[in-house]
Each structure stands twice: as structure tokens, then as C-alpha cells.
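Beneath this line is the structure, given in C-alpha cells, with notes to follow.
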Amino acid sequence: RPSASVTLGSGLQQFTVAKMTDLIVVPEEVGGLMRESMAIFRNHLDMYHPDYNWIEGTAPWTVPTDPSIADHNLYIQISVTEEVDRLSLSTDESYSLDIVPAPGITTVVIVAQTFFGARHGLESLSQVMNYNEENDCLQIIDSVVIDKDNPAFPYRGLAIDTSRNYIPVKDIERTLDAMSSTKLNTFHWHITDSHSFPVMINSLPKMHQYGAYSSRELYHPDEVRGLVEYGRVRGIRVMPEIDAPAHVGNGWQWGPQEGLGDLAVCVNQEPWASYCVEPPCGQLNLANENMYDVLLKVYQEITHMFQPVDLIHFGGDEVNLNCWNTTDEIVEWMQTVGDGTLSEGHYMQEWSNFQNRAFDLFTDANNGTQATGIIWTSTLTEQGGVDSFLDKDKYIIQIWSAGNDTIIKELLENEFRVIFSNYDAWYFDCGFGAWVGEGNNWCSPYIGWQKVYDNSPHEMAGSQDYYDQVIGGEAAMWSEQVDQVGLDAKLWPRGAALGERLWSNPSSSWEAAEVRMVHHRQRMVQRGVAAERLQPKWCFQNEGLCYA
């Protein structure tokens, strides 16, 4: 649903793909991106054909016998003024769309400041078209005016974890395709965790040799760069998260063999419940200076794979102080730094020191360019302490606790920018059987698309005084219980409900979106996304009759 005013005509115009032409007037710097985006748009129209050939990427269109259809022209004109070819939090993603009918020709005009806005305009255009079975052609609403459609939030994200279970590149590409259909613009890639380190760091080959599940479950640098570009063409930034200082382990065990000492501690330690929130355990060794040298090399190669980097996620949650406090090397080190105590406050300060040092290391790795850091809510951000541990000008806080957490107000009062990912509405891994023990997993019950849709970042922020600090929101798919086999159904079409909330921030609730949601699910399936069915097909064919 556009955020702008929309006028839709009451008629349909049928046309053929063969009679569709375009004129692209854009700066040279974004000409290639715009042509690629137009090719994707054309392919999406072919996918609307029920006999689309997925192997050849073609549709068996026939020529309608009615000359008023066969000879009707569809002319698409796209105008972009700015040379912006990379997404940032300040990028203008707005567009306007006009569809003007005339005898023998329908003219589409998309005007945008940037390529990203024009791409969104093409996406909206594809959603006022569908397949006409009677004449084996396409049909379009004959008159449309969308006036200056632009997103409510600059950050509209989806996080996927590829450490607990590996997700192949082609499945990540399909996820990016689905994201683009809902105008989500940030793929938050939680690449590493204590379970595995599945990305190749050329200067540190032992990271993946120790850390990847197998040689086939590994992301090569060229594959990562390919995904970054794949996302960019679809209006999406691909943002890395290298979680630290907790959520590290497998991949970091090789230090002693190389004379570097223990880079991480508590790795795979038992009983796991004493040292981490879920098995396997592991945290970085703050007492070992060599750890920082290794971390810098990781950051250097990550910046090359994801460049240019405007946002970097440092992770930074669920540190288990008992892990550090039962490690002799760290206990001895703690007594020589800071106030020399083993108090919780001292551990928190050293954790904060690590985080700020990691920020500086990443800046060095990024050729001196300071990227905005994102960090999860944690004990560092708890009441009364966040402003002493973290710099509001360097970090955005991603809130994963409940939507009514009192820390939200404190973060905003301390002038931090925030991204909402409250688990009680936007954690898509909730509501399944437990993977440790019995019963259901920790954040059950299952979260339906209706709750996803109604979860408003502004309502959670409370006062309008804080709206400018709310950068956006993000749904998370932690992968303890998902891999490529079940990925699509767990993400979609719930992710589309997220997309509309973050683009339009509608004042209406999910009921007003239900019919369009069912249609969009069908559209996603046509595009090759195995989105979960929401209702019987009878409801799709009889709009508005499946109500409570």
C-alpha cells in the first residue's frame, strides 16, 4: 500500500508483452542499474503466465485475436535525477507513478529522485497488472495516479542467521527477490555465531577450516560480493553482522596451534547452561591482545566483501559473565586493569571497552571511513547505564526485547536512534517445538501475519517527540530450526506484512489489508517464492467473504 494518495481507475486495459516499450532517462552512473531493474520487471511479467518455463525463463505468450489487444501499446517512461547508486539512511526512495490511457496506447510515467525510488515505482507498477486467462495476455488498471509515494522509515529490514544452519546462496537470492517485492531495503546477514563460521577469510583460512560445517557449506568472497550486488539492483543493502564478544566459538579454536593463545574461551564448554544461553558456548578472550589482531583481519576482509559499508552490525548481546569469570587468564587480567576487581561493574566496563575498540578496528579496516554501528539490546543497554557505555552518535540500538520494555523510553530519552525487532511480534522463529528439551520454543506462540502487521514502531516509541529517532524495524529469522527447506514458508508472506508496516505505517489495522495480502501471497508464489498459504483458494476467488 503506498503511503501517498492513490487514484485507481475502474477499468482494465489488456496488452501484450511484445507491445511494451520503455524510455529510461537517468544519469549515466545508474543507467546499468536501471536497465537491470527493467529486465527484472519484464521477467516478473512473464512469471505471471501460468505456463512460465522456469528452466528457460520464458513464457509461451500467444497473440490475441482481438486487434484492440494485440495492437495496444504500453509505453513506460522512467526519469531519475540523482546519481545515487548506493543506499544509505538518507537516500530518497520516493517516486510518483502515473498511468494515462489513450486510444491504442497506455503511457506509464515513473519519476524519482534516485534509482532506488524508480525501482520501487516499477514494483508498484507490476502490482497493478496481472494475467488475463481468456486472451492469454496481461491486463493493467487503465488509470492510476500515485503521488509521491515514500517510505515511513528509512530502515526496513529482515535478519537471517546462516550460522546455526547454513543457507545456500541461491536461497538467499530468492529471499532478496521476495524482499524487493515488499520494498524491504536491508538484508541483515547474521553470518557467524558460536555454532559455525561459514565465511571464507583468505588471510585466516583456519577460521573456516575450523568453523564451517563442511567445505560445501561455506560462503566464498566472490559469492558474498555477488549477493551484495544482487541486493543493490533490487534496492536492498546487504549488511553484515559479525557477532561479538559473545556468540563466537567454532572457528576461533586454532590460536594455540599458531602461537597466538586462546582467541576465544568457553568454546563448546559443558555444562553449556552455565556459560551461554544455548549450546555451543564461546566468547572472545578479552585478555589476549592477539584476538584484536585477528578481529582486525576479519573486519578488513568483510569490508572488502561488503563495500561500501554504511552500516555494520556488531551483535553485542547475551554475554555470559560467568564464562569470563571462570577463565583463569581473564580473571588474572581483570586484576591488572581498570579497578582491579572482579565485580560485575568492572566486567561491564571491559566489555564496553572491547566494543569501542572493535568499532575503531572496523573504522581502520574500512579505510578510515566510520560506518554507523548497530548493536542489540543487552546488559550494556539496561536501565541506568547505556549512556556511560555507548556513544549515541556512533551506535543505533536494535531492540529485541518485548514491545513494552521500559528500556525503550530510556534509550530514546538518551537520544539513541533505535530499530525495533521486538521478539513478541517480529521474531519469525517463534511458535515451534523446542529444539532443546520438550514443549515449545522459548518465544512461543507462533506470530501470525496480523500481529506482524499491527506492530507499530511509533506506538512503541510513545511520544511523537521520539519519532525521528525511530530508524525503522526488522523481523528476525534465527535458524536453530530452519534451513533452505523451510525458509520461504516461515518468512513469507509474513515478511510482506512487515514491509507494508514499515513502508506505509498505516493507521488502519490488518483487516484493511487482508484481501491485498492474500493477493500478494499469490503474486509471490508466481515469482517462485514458496510463501505459506493463508486461506482456502475459495477466499481468494471470493474477496471479503472469509471474515470473522
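Glycine is no exception: its Cβ is also placed from the backbone N, Cα and C atoms.
Note that the structure is predicted; figures quoted are calculated from it, not measured.
The average per-residue pLDDT of the prediction over the domain 'Beta-hexosaminidase eukaryotic type N-terminal' (76-127) is 98, rounded to a whole number. Annotation comment: TrEMBL describes 76-127 as domain 'Beta-hexosaminidase eukaryotic type N-terminal'.
Residues or ranges marked as domain 'Glycoside hydrolase family 20 catalytic' by TrEMBL: 153-505.
According to TrEMBL, the active site, proton donor annotation covers GLU318.
Mapped onto DSSP helix, strand and coil, the domain 'Beta-hexosaminidase eukaryotic type N-terminal' (76-127) counts 12 helix, 21 strand, 19 coil. Other Cβ atoms within 10 Å of the Cβ of GLU318 (active site, proton donor) number 15 in total over all chains.
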